[in-house]
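Participant: Before I ask anything, let me first share the structure, which is written out below as structure tokens.
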């Protein structure tokens with residue numbers, strides 16, 4: 001009689017989420033032990049929650065692209081260019097938020113559609129294409145903005161700012177928007193037909209085509225989603241600061257990519273998790289805080305990101321293996 005395999009019965013798609021959560025808990029225990037005066041202070045969490053939603057919202061769209069078997073490195077420049085569209089329109093229309101938001105979203109989605117078209121219709125590498133587009137769009141943004149820092153003081157007293165990036169007690173409003181977007185995208189990715197098509201595109205595109213899935217259109221829509229989320233992040237970032245500058249998107253590249261991989265979305269495609277991404281983004285943002293709290297120079301943050309990505313990938317592999325043994 002063969003020996004039965006022992007293990008914890010956990011749904012396959014929840015394993016990365018659980019792995020990311022365990023990694024986050026271990027990291028936070030280490031941070032609290034090393035700097036209790038910082039990490040037992042409620043103020044530090046309010047500060048972290050100001051920026052966390054922006055990294056998480058951006059990362060959610062990258063889960064779709066990565067699960068589809070591609071990668072997008074152009075999103076920092078899309079944040080900057082769509083942000084410029086938002087700030088410029090606000091200045092030209094006496095702070096007409098609706099028009100500014102529509103123009104910004106249109107610019108962001110157009111950039112995403114262009115990336116998707118170049119990659120799927122022309123057969124170009126997504127890595128090289130989006131890297132090149134990142135430089136091109138940053139250059140275009142700098143030319144259009146001419147190095148100007150656009151101060152939007154009128155936003156400080158606007159109702160729309162208080163709704164989108166205000167606060168409800170100690171909790172920033174953008175946290176609620178993050179969870180709302182996570183719920184919608186999570187339902188699409190895990191429950192909707194489009195999410196299935198995304199995973200098929202990354203796992204076995206030839207089988208997907210045989211099933212009638214339009215792989216090219218699916219991937220183009222994933223890149224368009226990146227453009228949409230980049231414009232949302234640009235809008236929220238400008239509302240937070242009441243200021244626009246051309247380097248608005250630069251700080252998002254490494255932390256957002258780290259959040260995707262720490263959250264359990266593999267680079268091989270075919271899999272992904274929105275819940276894991278939110279936990280991964282939380283981990284990454286706390287790394288930045290932990291480096292500062294430890295009294296280290298900010299340059300150590302990149303080292304921290306790199307180590308966390310490698311350790312989390314090893315942890316996900318080992319953890320998933322144990323659950324199935």
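Placement of Cβ uses the backbone N, Cα and C atoms for every residue, glycine included.
TrEMBL does not curate its annotations; it predicts them automatically.
Worth saying up front: this structure is predicted, and the values here are computed from it rather than measured.
Below are the features listed in TrEMBL for this protein:
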TRANSMEM  16-36  transmembrane segment
TRANSMEM  42-66  transmembrane segment
TRANSMEM  73-91  transmembrane segment
TRANSMEM  97-117  transmembrane segment
TRANSMEM  124-144  transmembrane segment
TRANSMEM  164-189  transmembrane segment
TRANSMEM  220-245  transmembrane segment
TRANSMEM  251-267  transmembrane segment
TRANSMEM  274-294  transmembrane segment
TRANSMEM  300-316  transmembrane segment
Participant: Ranking 73-91, 97-117, 164-189, 274-294, 300-316 by the number of C-beta pairs under 8 Å to the transmembrane segment (251-267), which range is first?
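Facilitator: Checked against 73-91, 97-117, 164-189, 274-294, 300-316; highest Cβ contact count belongs to 274-294.
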Participant: Out of 42-66, 164-189, 300-316, which stretch touches the transmembrane segment (16-36) the most, going by CB pairs under 8 Å?
Facilitator: 300-316
Participant: Other than its close neighbours in sequence, what residues sit by the transmembrane segment (220-245), given a CB gap under 8 Å and a spacing of at least six beyond its ends?
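Facilitator: Residues 50, 53-54, 57-58, 60-62, 64-65, 68, 70, 72, 74-75, 78-80, 82-84, 86-87, 101, 104-105, 107-113, 115-117, 119-120, 145, 149-153, 155-156, 160-161, 164-165, 174, 177, 181, 194, 198, 252 contact the transmembrane segment (220-245) from elsewhere in the chain.
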Participant: Is it true that the transmembrane segment (42-66) and the transmembrane segment (97-117) have 3 or more Cβ pairs under 8 Å, skipping pairs fewer than 6 apart in sequence?
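Facilitator: No, since the transmembrane segment (42-66) and the transmembrane segment (97-117) share fewer than 3 Cβ pairs closer than 8 Å, they do not count as touching.
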Participant: To the transmembrane segment (164-189), which of 73-91, 97-117, 124-144, 274-294 is linked by the most Cβ pairs under 8 Å?
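Facilitator: Between the stretches 73-91, 97-117, 124-144, 274-294, 274-294 has the largest tally.
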Participant: For the transmembrane segment (124-144) against the transmembrane segment (300-316), do we get 3 or more Cβ-Cβ pairs below 8 Å once near-sequence pairs (under 6 apart) are dropped?
Facilitator: no
